[in-house]
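As recorded in TrEMBL, the features of this protein are as follows:
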type     : residues               : note
BINDING  : Cys106, His148, His152 : Fe cation binding site
ACT_SITE : Glu149                 : active site
Amino acid sequence: MNDVDFSLAGATAAPTQILIAPQAVLRQKARIVRPEDMDTLKATLPGMFSAMYAAPGIGLAAPQVGISQRYVIVDLGDAEDRQPIVLINPEILTESEVMTPREEGCLSLPNQYAEVVRPEAVRVRWTNVEGERCEREVDGLLATCIQHEIDHLDGVLFVDHLSTLRRNMIMRRLAKEQKLKH
Ligand SMILES: [Zn+2]
């Protein structure tokens, strides 16, 4: 099975529950995925794709569903044209000097958005679901998305790129909205 197969399986799988900040696992540094983790990892993918598509979102990191391991899924496509990528043990190799501001949100911080400045392009290396090493230069929205998801593996949220004042404002607003929901 490849990325597309797992994404298709996500169309019928029950969505995995996405954790909302301030859950402790979202602040932990996730551990490296080892070869012996691959079978259980693959079993989590359909539910993760299902949750991401249902949200809807364009990226989801394993810690967001309570799994403190280094893998993420992204898909910038739509229902008619899926473009799923599963990145296992992803690493940023190089970053462009050009920085770009882009509005970001996060499935673990529902309804909260802010402009974050990040490198416009990055070279990223990862292992795919078939165990092969991949390397690719990405830019634009995909670069932003991958950087945002890799941040999750280090316990970093997009609000950490903002001033303390803005971050506290967003986290307070999120807490208030979540309280109203329950
Ligand atoms: Zn996020």
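Yeah, the Cβs are placed from backbone N, Cα and C, and that goes for glycine too.
Just so you know, TrEMBL annotations are computer predictions that nobody has curated.
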- Query: Cβ distance under 8 Å to the residue listed as 'active site', same chain, sequence separation 6 or more: which residues?
  - Reply: Gly59, Leu60, Ala61, Val72, Val74, Leu87, Pro90
- Task: Within the same chain, and leaving aside Cys106, His148, His152, name every residue whose CB is within 8 angstroms of the centroid of the CB atoms belonging to the recorded Fe cation site, in sequence order.
- Result: Gly59, Ala61, Gln64, Glu104, Leu107, Ser108, Glu149, Asp151, Val156, Leu157, Phe158
- Message: Same chain only, sequence gap of 6 or more: which residues have a CB within under 8 Å of the CB of His152 (Fe cation binding site)?
- Response: Leu26, Ala30, Ala61, Pro63, Gln64, Val72
- Message: Same chain only, sequence gap of 6 or more: which residues have a CB within under 8 Å of the CB of His148 (Fe cation binding site)?
- Response: Gly59, Glu104, Cys106, Val116, Arg118, Phe158
